[in-house]
């Protein structure tokens, strides 16, 4: 039940916080010649974080000449893979919820539904682990590439001590951090559901039968051996008890000598 409720929600939070992100930073370059300064340089970037395609112009503080720069890095592969896994996990969890509720008989027919569900759950657990780990590394690269201090190092005007370069504000990465958290939460949720799905498959029931058959055989052989021992003991005890009493011959034997003193006379 937890899987039905939380899997679609966690998947939505994962791809929404990552795929819907857009942010930026603002820098300022104050040249010695104030007419050449630019105190508001806005650099915007968004999903899928192809930062090498994000270009911007900054003053060189050498006349009216301007320098065209671009951010460094490309984290699009890890970000797109993460969002793709989240979208497909959301769609599958919705479809599985509909099947669980409305097509329970079809789901358990020939044990095909539980087997498919088990395989898909294992696959998505692996994909969530790989996707979340890759996106965590990609997010780390995005943070470094969009750090205002790193961007200022790209500007030739900022290498001259007479010019003043500073960051006005940095990009907000809280939603991207949340996406990584939800990615690993999805992995924990799907991996924890593997055992519950496995219990519904025929593999689990066949394994239990395989373990119970030798135990039943062992217990039946033990009971049979105990019965034979009891039978043997009761029969031997009966023979011993029968041999304790006197025989009919012993009771029937008459004395051969005289029975009275008068007869002797």
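Cβ atoms here come from the backbone N, Cα and C positions, even for glycine.
Swiss-Prot assigns the feature transmembrane segment to one of the listed ranges (31-51, 52-72, 115-135), namely 115-135.
Swiss-Prot assigns residue 79 and residue 103 to topological domains with different names, so the membrane separates them in that record. As annotated in Swiss-Prot, transmembrane segment covers the listed stretch 178-198 rather than the other ranges in 178-198, 199-219, 220-240. DSSP assigns residue 33 (N-linked glycosylation site) to coil, not to a helix or a strand.
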